[in-house]
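Peer 1: Please find one structure pasted underneath; my questions will follow.
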Amino acid sequence: MMNIRLVPNLTFDSSTDHFVLILYVLSGWGTDEKVIISILGHRDSTQRKLIMLAYEELYQENLIDRLKSELSGDFEEAAIRWMLDPVDRDAVMANVAVKNFVTPDIRVILEIACVRSPSELLAVKQAYHSLYKRSLEEDVAMHTTGDFHKLLVALVSTYRYDGDEIDSSLALSEAKILHNAIKEKAFGHEEIIRILSTRSKAQVNATFNCYKDEYGASITKGLMGDPKDDFLAALRVVVQCIRSPHKYFAKVLNDAVNKQGADEDALTRVIVTHAEKDLNNIIELYFQRNSISLNHAVANHSSGDHKAFLLTLLGAEDL
Ligand SMILES: *[C@@H]1O[C@H](CO)[C@@H](O)[C@H](O)[C@H]1NC(C)=O
Ligand SMILES: *[C@@H]1O[C@H](CO)[C@@H](O)[C@H](O)[C@H]1NC(C)=O
């Protein structure tokens, strides 16, 4: 049972059970993570926004700040990511990633730049301005060098056309340009970067398809080379994010659970950012690839409140 200390004279009904959380967090009885998980984990983004507003109005305090002081570890991070508006969440994740520029974090920037729609990317950049009084572009530019710099600055700066139209002869000629650069191992070639960063996703995908038809192997194969080459790995992520994002995320999740100690950051990121969108597609591909359900993998590899929270977002809290 919850130990709720009610605020006097406050009326609420069952449809406003968010007050339960509000009151609970405020009660001096110690935080009950299970209650927080069961309430927040079952609220969509509009409802969560209402909870935040109601909380702020009642207590002149930001609920996220409160959660930061009440929770800890991987669960704290997941709960806070979940409470943020999706666009703000991306801006926050991008900021953490640029400030801490090492290989795994580059994926965060690439996912935001290549998986989100062009207008979503624009919204994330606007949120970044409001939150940090700087642009994502300048932060990425300041924290990168060499080929990474060229690629990442181009990808975060772009505003691609978002239509479905495809120019087949252009796809053919650009497949050839890509193939020539790859053959010469000129992976940081400005033409590779121009094509990947400026063409519409439908057009780039058509180019990848032509590449495979013309040269007998996928562009991803062409970008294999040295497995320790981080720049090649980044190019493969770009290709996968544009071509088949669900497959890409299924792989990120699989890598995350198979890592020693599990990569909780990656698990949180993929599950939280897709829970209200296309997580079911990712779950399905995950099962196809691994013959084990994502629910079971998470149940097996995570622990404590973080595990309970992720399973709730997966709709598998009974595991
Ligand atoms: C890319 O092309 C392949 C093959 O036609 C198709 O299956 C896939 O859905 C396309 N992806 C995108 C993002 O258009
Ligand atoms: C659970 O994790 C252990 C250790 O990582 C592994 O050996 C086992 O196969 C996993 N089971 C499932 C069902 O994933």
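Going from the start of the chain as shown, residues are counted 1 onward.
Cβ coordinates are placed from backbone N, Cα and C, and glycine is handled just like the others.
For reference, TrEMBL lists these features for the protein:
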- GLY28, GLY30, GLU70, LYS259, GLY261, ALA299: Ca(2+) binding site (BINDING)
Peer 1: Do any residues at least six apart in sequence from ALA299 (Ca(2+) binding site), in the same chain, have a Cβ closer than 8 Å to its Cβ, and if so which, in order?
Peer 2: LYS307, LEU311, ALA316, LEU319
Peer 1: Just to be sure I understand the packing, how many Cβ atoms besides its own are within 10 Å of the Cβ of GLU70 (Ca(2+) binding site)?
Peer 2: 17
